[in-house]
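A short write-up of the structure that comes next.
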Amino acid sequence: MTALLSIRGVTKRFPGVIANADVSFDVQPGEIHALLGENGAGKSTLVKMIYGVQRPDEGTMFWNGAPFAPGSPGEARAAGVGLVFQHFSLFEALTVAENVALGLPAEQAGRDLPERIRRVSAEYGLPLDPARQVGQLSVGERQRVEIVRCLLQSPRLLIMDEPTSVLTPQEVETLFLTLRKLREEGVAILYISHKLEEIRALCTAATVLRGGKVVGACDPREETARGLAEMMIGRELAPPGAPSGTSGAARLTLTGLTAITTAQFGVSLRDISVELRAGEVLGVAGVAGNGQDELVAVLAGETPVSPAMIQLDGRHVGGLGPTQRRRLGLNVAPEERLGHAAAPEMSLTDNTFLSARTRMRLALRGFLRLGAARGYAAKVIEEFDVRTPGIHAPAGSLSGGNLQKYVIGREILQAPGVLVVSQPTWGVDAGAAQAIRQALRDLAAAGTAVMVVSQDLDELMEISNRFAVIAGGRLSAPRPAGETSVEEIGLLMGGKADAAA
Amino acid sequence: MDMSALNPVAIAVALIVAATPLVFAAIGELVVEKAGVLNLGVEGMMIVGAIAGFAFTQETGSTTVGVLAALIAGALLAALFAFMTQVLMSNQVATGLALTLFGLGLAAMIGQPYSGIPAPPFPELAIPGLSTLPVIGPLLFAHDWLVYASLVLTAGVWWLLNRSRAGLILRAVGENHDAAHAIGYRVVAIRTAAILFGGACAGVGGAYLSMVAAPLWVEGMTAGRGWIALAIVVFASWKPWRAFLGAYIFGGVSIAQLNLQAMGVAIESQYLSMTPYLVTIVVLVIISADKARARMNAPACLGRPFFAAG
C-alpha cells in the first residue's frame, strides 16, 4: 500500500534553532496518526510544511508516491490537505458562511454554500447555522466551523492541532465520532494532542518527536499514557503527590457574587457563593467563555464589586483594588501570560514590580529597590527552574512554559493567604506542567487556600481536593474530587446543573 | 438679519459641492480601515491631490488630465505610507501624521507659482431636458461629473465590501490578519492595494477642492478636511452609505455657518467657523460612548501591524 503522505529526511532550520532534523514517517489512508511531542519539539513546524506555510530546507515529502512541495496553503488544500488550527483562524465579526467561504477556492464559494454547510454539518453530526456571527458561537461550535470548512473540500488528509483542549467531554465524544466516520471513509487524520488518554482511545499509530527529531514510533493502543509521556520527555515522570485532603478555616468567602458585564462577548457572573479554605485546592472547571475570565478579574480586583460579596479572612474586600488585596494576602495569576501577567518588553526584574511590589517591599517611599527586585527575580528563577539567560531577559523572550513557571513562582514565593490561578499549565509541556502543579499543591499543604481555574479536567482531577463547575456565569456547589465522575462534570460544564445533581 | 440672501436651491448645491471632497476622502479611508490600516495621512494626500490636479489642469488645459494626476499623486503618497508601514513596519499613527505634514509642505512648495490663478471651468454634466427643470434640475441633474462619480464610488464600495468575494477577503484581513495569513491570503499585498485605493480617493477629493469648489489654489486649502474625513469614517461605523451621509451632514454644517456669517448673525465669525469641527467632536463623543456598538463594526485589527510569523 502506498502511503498517503510520506515524509523523508525533512529538516527545517531557523536562526539559532533546528526545528526539524531529518524527520521521516508515513501516514496511511484511513489511519488516525498521532504526532506527539512537548512544546518546541517541532510539531507545528512540521504541520506548517505539510500545509504549505513553510518549506523544508532539506528532505522531501511524497503525496501518494509523487513528490509534494506545496508553495502555499491554497496548493496544499487543492492537493487534499485540510488543517484545523489550534488557535482557530476564524473571524469573529463575520458569519459562519463567510468564514467558511474564506477557506474555500472562489469557485466553490457560490450562492449554494449555506445549503452545503447545512448538509455537510448534519451529515457529520456537527450542527451549524450558516447565518450566525462567529463571535456569538461557543468554542465547540467554532471548532465545528473549522472542521466543516475542511470537510467541504473533501480532504484526503485532515490535520487536527490540539482539537480537544477547549471542548467538554461530551463535545470530545462527538468529535471522535466524526473523526472515526471520516477514517472509515478512507480519510487519513494527523492528530496532534497533549492528551495521551485521548490518543490511546483514538489513534492507531503514533510518531513521537523530541527536540525536532523522531525518537519513536508506536501503536498508542498498546502503550500506557505514562509510557507515552516518558517517550515524549525522555525521562521518567515524578509521580504526583496525593492530595492533602485536610483543610482548615475559610480564608476566602464569596457571597452572592454578581457582576453584570456589558462587554459584547462577555459573561455576567450570577449569584456565586463558595468558600475557599486554608490548605485546600479548589478546582473550577468549565468550557472557555463561561465566566472564568470575569471571575478571575473580580477576584483580582480588576472588576470591583460591592464589598461584602468577597470576604478575605472575614474582611470585606470586594471594593478594594488589586494592590490592596495583595497587601491583605489575596494574589491572582491571570491566564494570559504576555500582556496581563507579565509585560513582554520588560525584563524579569522589572516584572517583579507588577505583582510583588507591596508584599515583597520592592519599593520604598516611591523609590524602587532594584537590588531587592533583582534578588527576588533570581530567587523565582532558581526555585522554579526557569530556563532563561538571566534576570535581565525580557519576559517575552521566554518560552511559554518557562514564563508560566516564572509568573506562578512570582506569586507563590510571596506566600499569599489565598492564591487564584487561571489555566496554570495552558500550552505548557508535560515536564513544566508537572512542576507547576506540584508547586501549587505544596503551597496548599503549607496552609494557603488555592483556587485553580482550568479547562483541563485531568489536571483538576489530579490536583484538586474539591471541584466546582462554572457554566453561563454560575458556579455549581463544590464537591469532593474523588466522588465526581468525568461524565458528571461534563454535564455540568454543558450547563445541565440538574442532570448531574 | 438679511434673509433675502438665502436661496434654498443655491444652498443645497453649495452643500453638495462642500460634501463631495469629503465623500471621496472618507470612502477611500473607509476601505483602508476595513483592511485594518489606520492612515492618518488623509489630509496630506488630499492637499497633494489638490495641487497636482490644479497644476496639471493649468499646464495641459485638460481637467480630465488634472483629475487623473490628482488620483496618481494621492496614490503615490499613499505608496510611500504603504512602503513604510507594510514593508518597513513603521508605526502607522506616526507615519500617517508625518505623511500629512509632508504633504502640506510638498504641496505648498509645488504650489508657489500657481497661487492666485483662477482654475479653468470644470465641465458640468448637465443632463439635457432634466437640468433645466426648476429646483430639481439644478439640484439633481446639473452637476460636474465628479459628484456623480462620488455616488458611483460609494455604491461601488458598498457592493464590493458586502457582496463580493474580494470585499469579504478585505474585511477578513482587517478583522484578523493572523487568521487570514494562516488560511493563505497575502495580507501585506491586500493592505497595500487598499492603501493605494485610499490615497487615490483622497487625491481626487483634494482635486475637487482646488478645481471645482474653490476653484483656485491656496496654500493649506484643505483646512482640516482630511481629519474630518477620518472622523466621518468612525462616525459612520465603517459603513459606506453612512459615511456618505456623514459627509453631507458636515458639508451642510459648513455651508450653514457660512450663510449665517453672510446673514450677519451676531456671533463672532470665528465661533461659526468652528462649528463644523465642534460638531465633529460632539458626534464622535456621542458615538463612541456606546463602546459595544462601535466595536462591533470596527475592524478588530485596525492600526495593528502585521508580522508574518512563518
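Cβ from N, Cα, C; glycine included.
If you look up TrEMBL, you'll see B:35-56 (among others) marked as transmembrane segment.
The feature transmembrane segment is assigned by TrEMBL to B:68-87 (among others). Sequence-distant contacts of the transmembrane segment (B:68-87) (same chain, six or more residues past either end, CB-CB distance under 8 Å): 37, 39, 41, 44-46, 48-53, 55-56, 95-96, 99, 102-103, 188, 191-192, 195-204, 206-207, 305-306.
When Cβ-Cβ distances below 8 Å are used as the criterion, the transmembrane segment (B:93-110) is approached by residues 38-48, 50-52, 55, 77, 80-81, 84-85, 219-220, 226, 303 of the same chain, each at least six residues removed from its ends. Residues or ranges marked as transmembrane segment by TrEMBL: B:93-110 (among others).
Sequence-distant contacts of the transmembrane segment (B:145-161) (same chain, six or more residues past either end, CB-CB distance under 8 Å): 16-17, 20, 23-24, 27, 30-31, 34, 67, 122-123, 125, 167, 170-171, 201, 204, 208, 212, 239-241, 243-244. If you look up TrEMBL, you'll see B:145-161 (among others) marked as transmembrane segment.
What TrEMBL lists as transmembrane segment is B:193-214 (among others).
Under the heading transmembrane segment, TrEMBL lists B:220-238 (among others).
For B:245-265 (among others), the entry in TrEMBL reads transmembrane segment.
Per TrEMBL, the feature transmembrane segment maps to B:271-289 (among others).
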The answer for the transmembrane segment (B:220-238), taking Cβ pairs under 8 Å and residues 6+ beyond its ends, is 21-22, 25-26, 29-30, 33-34, 40-47, 50, 100, 104, 108, 202, 205-206, 209-210, 214, 245-247, 250, 276-277, 280, 283-284, 287-288, 293-294, 296-299
